[in-house]
Amino acid sequence: MALSDLVLLRWLRDSRHSRKLILFIVFLALLLDNMLLTVVVPIIPSYLYSIKHEKNTTEIQTARPALTASTSESFHSIFSYYNNSTVFTGNATGGLPGGESPKATTTQHTVTNTTVPPDCPSEDKDLLNENVQVGLLFASKATVQLLTNPFIGLLTNRIGYPIPMFAGFCIMFISTVMFAFSSSYAFLLIARSLQGIGSSCSSVAGMGMLASVYTDDEERGNAMGIALGGLAMGVLVGPPFGSVLYEFVGKTAPFLVLAALVLLDGAIQLFVLQPSRVQPESQKGTPLTTLLKDPYILIAAGSICFANMGIAMLEPALPIWMMETMCSRKWQLGVAFLPASISYLIGTNIFGILAHKMGRWLCALLGMIVVGISILCIPFAKNIYGLIAPNFGVGFAIGMVDSSMMPIMGYLVDLRHVSVYGSVYAIADVAFCMGYAIGPSAGGAIAKAIGFPWLMTIIGIIDIVFAPLCFFLRSPPAKEEKMAILMDHNCPIKTKMYTQNNVQPYPVGDDEESESD
């Protein structure tokens, strides 16, 4: 037994420097972060709606206590806004003592409720107002993450990737527990905003860590495709996982399960990454302002932003639109996103490998066009089955864009700047967050003002119009001084021009040459 323990400890010690184990840690962190991101999608609209109408019901009962005894048996049916169901209580007049007839106000209230289909909320104005409220709640996470990313990028350049990665775990655990026990809009908003800080740490540090250990362009693309598969699985599992547990167990259950999984991720990070050790970069990275002036980095970031903005606009608006037009039950609000999540997982895994062969710029261009066309088709759905094909197209196409653009960001830094990746993946995450910040907040307001179909039309056209810009990523030029370094046979980085047919193999030297001024 002691010998087997020693063997296990030796294997774990040797595995600390394994690239595959680091890839697994990043995969798991992105998986859990995006499960928490999307598990709230089917829960929040219905939960906020139930909170509001339970409060209204309590106020009505408090204002008219004298009517309680005389009208408790006069209802033929009672409609519950909490679970969208109608409870039948018996004959409307047979149970009245002394044959008394109900008051006019009570009779009017009963007629109003019984005319509503059992699965459709009747307060259309409340649902329209909820578009804005839910949109702002969803956007708060991305907005905070957007503001935090530049600082995390600079921090990783100074102290390395393990400490920010572990800090992301700690913050995400606190946020998950807050979600579980929050019972008001204000606390939900705080929990969602706090998640943005944790996500910034995990995303920037995780992608930067992968770029630093996978220096070959093809290997880096494959690794990031796998890591984005974790993101895809989180998006895939989150909505149905949340909606099913919410309907059959309660709001707290999905968040407590997630909190337990986050603890497991933290334990693995603590042992493998040793986050107490400061590991600064060996060379000074390119300033963030310089990277932001690079037009090729901006095009890649724009592709990530606008592609993800489509699904970000869907998250708060689609469940509310389904409640209005399809009379959907709570579990259907999350399951509707299942085709997009499955296809995103397929897209990231296929094009993580295929994009390197056919050209990442081409994959991104085609992906942007498919995203736009699929989004334009969503308002034509008449039931949940009509959402399957367009949602599948949206998810698959976003998988094409993300799995192509994430490696290109690292490639552009290798080609045109200093190969330090914290800042460039902060920019990539900023682009992702801008989509998820602008999307829900603007989407909720637009859906309220001009309707859900016009919202889909606007973002669909934007994606299609932006697509041709990806052509400029076909063969981005290298800076002159950087090209001289890349052509050096001692350069540890293997690069590939996407217009070439063959990859020039560069032998890896034992020692890295320091950057010359």
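Cβ coordinates come from backbone N, Cα and C, glycine included.
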Check: What does Swiss-Prot say: are Arg19 and Ser441 on the same side of the membrane?
Finding: no
Counting every protein chain shown, other Cβ atoms within 10 Å of the Cβ of Asn308 (serotonin binding site) number 22
Densest Cβ environment (other Cβ within 10 Å) across the binding-site residues Tyr344, Tyr436 belongs to Tyr344
For Leu231 (serotonin binding site), the nonlocal same-chain Cβ neighbours (under 8 Å, six or more residues apart) come out as Leu30, Leu31, Asp33, Asn34, Thr348, Asp402
Using a 10 Å radius on the Cβ of Glu315 (serotonin binding site), the other Cβ atoms enclosed count 26
